[in-house]
Structures are given as structure tokens and as C-alpha cells.
């Protein structure tokens, strides 16, 4: 009986898991589907699930905009912002995890609170700073803003992962004569690598999808894929097919990347969870 | 350690590669929207670059509201990111008064007198021309000839709103998903309020009196809004508060609307069999008239202007003169066909027999735009210009706010009286805050 209950529970949980996963994936599925419809089919009511697929939207998207230019900008900005954020966040999280002061907790909370501010609230000062430093419409400018936007989350995540590393291991390194730098780079980083990798992955995804700053701080030279998607919205005329095709092209690389690295991501995110 | 070295190397590599170059000299950056005519302009712009090898064009296509925000920020902060901007006749006089736009003086070859007078007037401020029209639109009524025939109805040459309502009642077949009337319901100053303001005008309603006192609780406003809400509730499609121009275009094109009152630009899209399943069944008539009958009439001109912050003003003017010229119209006709030429701007376009043949609605649109008078007379004198908008900077926020209350009447959250009272008080407050009213 117990085995039977266990089995039925497992089936129920599995079904629930699949149900939630399909529910979450449905908008993406519909977007991919719409990309293969003609413009009239894309807006037909009731919506069509079965139709004659066409590549016309994709052909038009490639004809109208240089996808690779936008994609390259996204890669540069996302990788640049993530690398910069890790360089700053690793020492910060290290000091907070292993040499906490009275204000560490408060500092961490304050850092996180900056994420609660609506970005539009600081649009004018950031725009003026970017203009005065000649960083408007440059990948450098956008990467710096993305890096600073994600820094609180990255520091928090790294802090949590570092706290899971037993302090005696670092002490052992110190007793063997390791300097602080060696302790951090040769002992701590290899131990916390899954956590660092998942933090980097999350940062990459956040930068890839960031739209507000991309649309406001770039125009043509440094415009990333979010600007590419926005350019297919039209006030007059049907555009859902092309918009869906452009969106699919924009999210495809990060979806594939996320799929490939999901093991690492889950491993990192659950790092220390069952201690 | 080797991992750390790799990380450092990658960072150095990136910090080098992320530095992008500034705009090269001779490169014009053009901010535009993703409308069909603009897409054609972009495709054909290589001809301009061939004729002007020292000028390179850089296109930035943005969503309409993002474009407004970006361009406003750029010009107000004098960043100079854009050399050519796509704006409408709402912005042109306001921005010209702020000193944000360069005055344009096209040469004789451009033949500025060929530009339709109502459009030219809409882009002029204090006698100076500040933008060149790319394409223009007014308002008209589209209807399904087959549904009218089936119901034994005939669309009059000059329909009234009362007649439109009767027709809509007769052709509505909700079980067959055919809705008698489709109108804009999506909240926004350029969405539902463009239509509702235009409807209010013909009912004799207006936004303000000469002392900037809002008049939204007037009888005329009540009658106009009551017509709108009642027609949409009884004969309109479900979820109308989500329907803007594009959604109604899709509904009409897929055979779900009997009557649609909206921009003349929809004509080219509804008559195109590639985009419309009812291309051979579309009839058209002028915009309906209300009890007042007169009043300002809808006119919108997507136009190209050169901001004063541009560092390449002369080249930018060369480009916009080319893109709005008679030669450009000919180029589009040669490459894409006469039906694709930008509509509503030049008399010479409408005089071309090829255009009249390709676009059966051409003379109708010409008449609608020629007679469009955004400065027309309202029931009482008014201190502002514009038909489907109020030509003051506060209107974008104000119009959207009122648009939300109007949408609330459609969804049944508010009555017409409540919505108008709420709109009246919010507008009074906004105008006081802006210092326009005491």
C-alpha cells in the first residue's frame, strides 16, 4: 500500500511538474509558432494551431536588419558586464563572507535595495553621465550600466555560496603560508566554482534580456538584440509574425546556452542546499 | 590559477573590444518608426547613397512611443545622436516653438507648393516650415459591401453617426463573430483618444474654453461618449479595450467587422489581397457627422525634421528633401508599384493616372486630406489647435489619462458621467500643475 501511495504521489508530482513547465513554456512555444505564420494568420481569431508554415517573416527580418550586428553587440555587452561584475563581486563577497564587520549585513541589504528602485527614476542622471563621458551608444557604456545593475544580485549570490565553504579549509591554506590573494584564488575559487558559474550564467541571462537601458542608451552602433526586437513593432500595419520571428531569433542563443548549461546552473543554485 | 589567468585575459580582451567607434563623419543617423512606407524608404535609400557617395545613412527603427521618448531626450539634452527624426504634426509646432527644430527652406525644384496646403500648414509654425511630410492621413469610414447588401442597406454619401449606429445594429451577428462596428478602445492619446476627440468634435464638444477651463462635463461630450460606449457595447467586438489601429485592422481584414472608422492609411492595407481577406468587399465613405457637423477634422502627417542638435544639418536637409520629393515618389512607383507610393502629401501623386488606377480610394483620400482642417471651428472659441489631439505639450499625459477613463466606460468599470467627471477633475489638476490654468 505504502509503495502504491508512493508511486501515485510520484506520478502526481511528475504530472504537476510537467504541467507547470508546459504552462511556463507556452508563451515561448506560441511565439515560435507565430514566427512561422503569415501576418494575417498571426492575428486570426480564433488563433490557429495548424497552418501552412512559411519562412516569409524570417526572410523579411533578415532582409530588413542586420541580425548579426545586434547579436554581436549583445554578446559583447553580456560577457563584458558579467566579467566586470565578477571581478568586482568576488573580492567583495569574499571579504563579506570571511571577514564580516558590524555593517556587513546592513551593506548587503542596502545593495539589494538599489534593485528596488525603478530604473526610469535614474534615467536622466545616467543619460547625462553617459553623454558627458561620451559613452552613449557604445557597448562599453551599456556594459558598465548592466554590470552595475546586476552587481547587487551577483554579490549576494556569491556571498551565499562562499558562506558554504568551510572556513577551516581557508585557515589550513593560510597556515601553509598562502597569502590572501592565493587563499582566494587557489583555495576558495576552485571550491566555489559551481556557484560562480551559476552566478555568471544568471548574470549573462539578465544582461541578454535587459531592455530598458538598451533602448535608452543605444541607438545604432551598440544596439543589442532587445533593440532589434523593438524595431519590429509597428503603429500602423500587421507585425506580429515578424515580431515573433525577431524575438525567436533573439532568444534562441540564450535558450540553447541555458539548455546546455542547465546541469551546471541547477548544481550551482542548489550548492550547499542539502548540507 | 590557470582559470583565473584565462578570466583576466578574457576581461582584457573584452575591455578592448567593447570600445566602439563614435559616429563617423558624413554618417546621418535617422530615427524612424516601423511603418510600411518607412520600410520602403529604407530599402530605397541606397539610391540616395549612390547619388551622394559622401553621405552614409544609419537607421534606427524604434517603437512609436520609444521613438518620441528617445528623440525628446536627445533634443532636450542636445546630445546630437539623431540627424533626422520622424515626427508628426502634433510635435512639429510644439518643438518648433521650443527652438528644437531647424527651419527648412527647400529649393524651387522641390516644389513646396505641390505639397497639399492642409499638410503644409500643419507643419508650419509662425510662417516657417519645420518638417517635410513623408505621408499623411485623415479619417474615413470603411464598411463591408457584402454585409450591407445582404442586409439591404446602402451607405449614404455623407453618413451621420445615427445612421452608422442603425447599420451596425443590423449587420451585427455575434454568433457568427461579425461585429457591426469596430472602433479604437485601447487607452492612449494617439489610440482611443484620437478617435474619441474626433467624434467629440463633430458632436460640438471641445476640450477647453478660452480660459483653459476643461469642458469635459458638457452635454456634447456626454452625448458623444454615450454614442461610443453604447455602440461598442452592443455592436462592437469583445475585449475592445485592447483594440487599437492594428487590432481593428486585423479584425476587419479577417472579416470580423462590418464598419470601421479610422485612418485613411488603412485603405492601402485593406485593399491589398495579401493582407486582407476582404479586399474585394471593402467600401468606403467619409467619416460620419454628428449633430454639430462642423468642427476640426483629423489630420496626421508623419514627417521628417532636422533637430538643431544635429551636427550635419546640411546633409540631413539634403536627405529629407530627397525622401519627400516628387522624384522619390517616382522611384517608389518604379520599384514597388504605384500602390506603394507615400499617400496624402503631394498633389502631383494624385494627378498621376497610374496612381488613380492602382488605388481606387485615391481621390477619396485626397479629398479627405484636402478638406481636413485641424484648426477648424469648434462650437465655442478655443485656445488650442488640433483635431484628434490638443496641440499642447501636456496633452500626451493628459490624453492618455483621459483615455484610461474612457476605456473604463467600455469595460463597465465606470459610467459615462463618472468617467467625464473624473477626466474633468484630473485635467483641471494637470493644467494647474503645469501653470497653464489658474
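We count from 1, first residue shown onward.
Each residue, glycine too, has its Cβ placed from N, Cα and C.
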Exercise. From A:37-57, A:142-162, which range did TrEMBL mark with transmembrane segment?
Worked result: A:142-162
Seminar exercise, completed: Of the ranges A:217-238, A:239-260, the one TrEMBL annotates as transmembrane segment is A:239-260
Seminar exercise, completed: If you count CB pairs under 8 A between the transmembrane segment (A:239-260) and each of A:12-33, A:108-130, A:142-162, the winner is A:12-33
For this session: Grab the same-chain neighbours of the transmembrane segment (A:108-130) for me: Cβ-Cβ under 8 Å, and only residues 6 or more beyond its ends, written as numbers and ranges.
Result: 96, 136, 141, 145, 149, 151-153, 155-156, 159, 212-213, 216-217
For this session: Go through the chain and flag residues at least 6 beyond the ends of the transmembrane segment (A:12-33) whose CB is under 8 A from any CB in it; none is fine as an answer.
Result: 49, 244, 247-248, 251, 255
